[in-house]
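Here's the structure we're looking at; comments come further down.
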Amino acid sequence: MTAMVSPVLWCALLCSLYSVALGGDEHNFVVVPASSFEPEAACSTSVTSELPNRASVPLAHRHGPCAPSGASGKPSLAERLRRDRARANYITGKASARTRMLSAGDASVPTFLGDSVDSLEYVVTLGIGTPAVQQTVLIDTGSDLSWVQCAPCNSTQCYPQKDPLFDPSKSSTFAPIPCATDACKALSVDSYDNGCTNGTDGASLCGYAIEYGNRAVTTGVYSTEMLTLNTGVSVSNFSFGCGSNQHGPYDKFDGLLGLGGAPESLVSQTSSVYGGAFSYCLPPASGSAGFLTLGAPSNNTADFLFTPMRRLSPELATFYVVTLTGISVAGKVLDIPPAVFSKGMIIDSGTVITGLPKTAYAALRSAFQSAMSQYPLLPPSENGLDTCYNFTGNSSVTVPKVALTFSGGTTVDLSVPSGVLVEGCLAFRGERSDSIGGIIGNVNQRTLELLYDSGRGSVGFRAGAC
């Protein structure tokens, strides 16, 4: 007669074997189902809670089932990472150029324009105009000037989008900005100006132009309008680009919402109300939702871990920079000289993969590969990532915890597996040298609420927010 083992004893036996296999270090590893690496076909409900005194809107992956207009064709990982590499190269190149100019005493900033827009992955739905017209726009902390496509606009001037074009002639609150105004002249500071253009009544209006790193272009009239975030929460006289000519590799979204730190961004325009603070939570997978919020918690920030934030320079205020001081894998702090991180790390919503200084990445890769040695390591491929695994035949996968430590001693545990792996690959890459500052990509940010608080000069991290 076969003896029966109770579920409690069976679980205890498995846990004991798991602990022995990991040398008693099981608290520094997470066992996840292999299905975690497969795309989700349906949208699951967001776990976000009410955020009092803050204006919040749902956020979704542009190619996932939670996108308001439905998922469009998702590019391959290789194509996504090609676009991502181009964006990262642009951002680090711009930051490095700025540093060199400051060292040489040159106060000018290179005028090569915005980041690659085809690499952006997250969208929110807003209302623009009176009455409000729904528009689904990409969010980007690496851009400042927001824009949407405006009617009239034929197929040679605008790309196809899923929502109806915003028609300014049907809004009672739309107002083009005259060319001779201070608001128009200010566009030249951040290289968004495009001279003057004639309106339908012959008036001289303020033109804007943005050329992104992937050569996508938008031009039109700089204007003001009512922006509705959610029921009862709106921004009057919101300055944005009413786009009449867009060409390049655009993909059906309605426009872009700039969340950078320059004066043209939504964050800066609403600073008198929300204190220059905003946050977002990127969901763990494309089949779930997160949120974008304006404002900081009024009194309860106990769940946040904070680190100081700075800008690259007053003249290059778009990017948000923090200082990384260390990395841990499976609970062990890696031996990385602090000087390696001296250039700072830009936190970016639009970059996918985190780029580390060369020495830091080499240490991370070695430790991570050692902790994952039980799984077959795939040869480096065209996607540019060199630590990818074959999990075929495994019902579950044991992944080491990875933590980032920032100035002030703030240590943030990345979500496992969503914040560490992307399609079975370690979501980090190495830069060419240690002289190049890095970028914290959006994979590492998943499930964390990132609170950018310009008024207090800090970035906060809240775990398990979505």
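Cβ coordinates come from backbone N, Cα and C, glycine included.
These features come from TrEMBL:
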ACT_SITE  Asp140  active site
ACT_SITE  Asp348  active site
DOMAIN    122-462  domain 'Peptidase A1'
SIGNAL    1-23  signal peptide
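Cα separation, Asp348 (active site) to Asp140 (active site), rounded: 8 Å.
Across the domain 'Peptidase A1' (122-462), the model assigns an average pLDDT of 93. Taking all protein chains in view, 26 other C-beta atoms sit within 10 angstroms of the C-beta of Asp140 (active site).
Counting every protein chain shown, the Cβ of Asp348 (active site) has 25 other Cβ atoms within 10 Å.
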